Amino acid sequence: MTVRNPAAIAFAGISALFVAILIGVMAWVGIDSPRTGRFDASFSLVDDRGNPVDQSMFKGSPSLVYFGYTHCPEVCPTTLFEVAGYLKELGEEGMPLKTYFFSVDPERDTPEVMHGYVTAFTDRITGVTGTPAEIRKVIDGWRVHAAKLPGADGDYHMSHTMSLLLIGADGRLKGLLPYGADQDQALEKIRDTLL
Amino acid sequence: MIQNLFRLLAILVSIVLAGAAHAHGFQVGELKIGHPHARAMLPGAKVGGGYLTITNNGSADRLLSVKADRAASAQLHEMKMDGGIMVMRELKDGIAVPANATVELKPGGYHVMFMNVSQPFQEGEMIKATLTFEKAGTVEVEFVVGPAAGGAAEMKHDDHAAHAEGGK
């Protein structure tokens, strides 16, 4: 390779650039979707009964995990009603499943507020809240999205990931259920991935 | 013969009920406000969503604001789903109602957001509200509260009929 062909150099340069762009795109897409691997953050939060919870909650049992907030007029209640429906349909078969509703708005969602809210759906959903910094560790740990959008008069709304996370007993993400998923398909996916 | 009479009666009853089902509507100027409805709120919830249809048979107008005694304030929102992420946007300039067009406030799109509701909306209640339009002015309406589980947009006609008398 002593011949310095300018065309070859140009070609190599273009190839390198192309590969760099490809890696960039892959990284960008990867960042945008929830983590498929192991959850490796540590956190310290409280459930809706005031009991402390930490990262060990994702291990030992498969779980359905949702990020939302109680000041959410539509997608959160719809999803949690659907989750309650899945648990009912699964019956005995679904008993190993844990269900967690993490507040992305912990400043307004106190354990008391969360308790009244989650128990309205079923007795199987555990609400989780705490300090914004600790909640952020879970949001970032699963690479889901949650952001505050300021509104009028100091009010605000949250934008957040609408998918339900399906997490295996090994603490790894096994799949996602999109908002508005068909119940039969959702049950099939839960059975396939978690039960 | 008697059977035929019964059949006719059944048809008449169903027509009357169907009429009642659509009676839950309001009018201001050239604007028809169809079936305002809300979702029952859950314990602890402070906000409620409101939905309705605006049919404009006249010139372009704009829904500017909504007021309700039961809510400290009410905003007009647009919900968008963007790549699996829910984004809620307040529409400070209101919602345009083009001439001779129908605008729907429905789950997954435009909606009224009742804020800081002290007494959660309960299924079967009627929530009084005032809509203000840029040109047509104000109109008093009542939102029918449907089940908390949602599906309010696809409420069965029986539900409409049951609440129709409240609509005036």
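Yeah, the Cβs are placed from backbone N, Cα and C, and that goes for glycine too.
As recorded in TrEMBL:
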- A:Cys72, A:Cys76, A:His160: Cu cation binding site (BINDING)
- A:Cys72-A:Cys76: disulfide bond (DISULFID)
- A:34-195: domain 'Thioredoxin' (DOMAIN)
- A:6-29: transmembrane segment (TRANSMEM)
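Features as recorded by TrEMBL, highlighted on the structure.
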{"residue": "A:Cys72", "record": "Cu cation binding site", "contacts (Cβ under 8 Å, 6+ apart)": "A:Met158"}
{"residue": "A:Cys76", "record": "Cu cation binding site", "contacts (Cβ under 8 Å, 6+ apart)": "A:Tyr66, A:Gly68, A:Tyr69, A:Thr70"}
{"residue": "A:His160", "record": "Cu cation binding site", "contacts (Cβ under 8 Å, 6+ apart)": "A:Phe67, A:Gly68, A:Tyr69, A:Val104, A:Val144, A:His145, A:Ala146, A:Ala147"}
According to DSSP, which of helix, strand or coil covers A:Cys76 (Cu cation binding site)?
helix
According to DSSP, does A:His160 (Cu cation binding site) sit in a helix, a strand, or coil?
strand
